[in-house]
């Protein structure tokens, strides 16, 4: 760390104009993130042209404020109406929405704000201190490692599935099948898109999510009188305090999930959605009471939101260092840098180059997380009243927002039909005890696994040894990931056998 650049960054950040842009960015981000189907990339893309007359530092700070704020904002819709405001908040719904139905929306929202802020502060600090090491890690990750990360996530299906393992695996396979619609990008192979231009690029993941959760839940609520909460709702500051204290009581979960977000976020093509599920399933795996997840377990919300905001720091590593977007949001951020005459690369970490601006960007994210905590906690009480509103008003509002948000994302009318179809599918999956989580894991990871497997096979001339033979291919990280996958799949069975053997 260069002291002069760091001090200059602090001075640049602590001006009234810069702080106003940061606050505006965070608030805009929270609003955009809370609207179903929009999220960070669209919010940043809308703001981007407006930054043209601004100074480079102010423009970048506004963009990262929108980015960070929208990552938290997605949890608001996830907790209150079972709709992922952003796709990376999908796992937050699994326990956040059940908490709302139990009358604990204030606690869930407070947990979300606190876990997001702590994880953001931790990972941005780590990025400032250890960015050279993280850059080396990014260089070590290639297509074989990205494929294995996707397989690691798919292996988690056995962890998150309740009841019948066969139903969980079937749901996961169905999710993978959804990703085979459209043209296979690596080889331009036409597959199951009925020669429709609307399906040429496949079925939109966000539309699938909104259908599975928002529309399916509205179908369920249609037969329910009263509000979303099934019991009495106590809306006071006690719920906020409980949420903050609960988060602070689980520091291991917060920091483990934040690290997952930081590491997975730094892998180009993985992003917050993958880290979100990996952190959630790891929380389930390591819990003493895994069956309580999906029914309002606070740790599930902590893990999801901590990884979510931790990914922001991770995704900046390849974006700033090499100009490689780790996600759609960082692709827009790179566009903002280029638009203002800044070229991502080694110069961003060069004291004689743009190191001061890089530090300003990172410090803005630090302060932005404090703003998220303050704004988030101050909004909890008002937002919690949504769970008391009669469902006769909630249902049409959510359905209209879902339709508008989905259509606005790509302008594709098939996406509107998609959310209806998957709404019906999600409704009956829950009714007949098929794991919606397993289905979503298949949808999230299918494209990542397929594309990277194809490229890895090209690198190795069709040999699968690229994943397990570091002596020939020099990919030690692939071997480590392969071992982790084997342990995750077969470990529980070996443990059961050993316990039976010991008791015999």
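One is the number of the first residue shown, and numbering goes on along the chain from there.
Quick reminder: no glycine exception, Cβ is built from N, Cα and C everywhere.
Check TrEMBL against the ranges 457-475, 476-494 and you find transmembrane segment recorded for 476-494. With a threshold of 8 Å between CB atoms, the same-chain residues lying at least 6 positions outside the transmembrane segment (20-38) that come near it are 13, 47, 54, 58, 61-77, 83-86, 89, 206-207, 210, 214, 364, 367-368, 371-372, 375-376, 398, 401-402, 404-406, 408-409. Within the same chain, residues 90-91, 94, 142-144, 146-147, 149-151, 153-154, 156-157, 160-161, 168-169, 171-180, 184-187, 202, 205, 208-209, 212, 269-270, 273-274, 277, 294, 429, 466-467 sit at least 6 positions outside the transmembrane segment (437-456) and bring their C-beta atoms closer than 8 Å to a C-beta of that stretch. Outside the transmembrane segment (45-66), and at least 6 residues removed from its termini, the chain residues within Cβ reach (under 8 Å) are 12-13, 17-18, 21-26, 28-29, 32, 332-333, 335-337, 339-342, 357, 360-361, 364-365, 368. Between the transmembrane segment (359-380) and the transmembrane segment (106-131), three or more CB pairs separated by 6 or more residues in sequence fall under 8 Å, so the two stretches touch. At the 8 Å Cβ cutoff, the transmembrane segment (414-430) and the transmembrane segment (106-131) share fewer than 3 close pairs (sequence separation 6 or more) and do not count as touching. When Cβ-Cβ distances below 8 Å are used as the criterion, the transmembrane segment (106-131) is approached by residues 1, 68, 71-72, 75-76, 79-80, 92, 95-96, 99-100, 235-236, 239-244, 246-248, 254-255, 257-259, 261-262, 298, 301-302, 305-310, 312-314, 316-317, 321, 349, 359, 362-363, 365-366, 368-370, 372-373, 376-377, 379-381, 383-384 of the same chain, each at least six residues removed from its ends.
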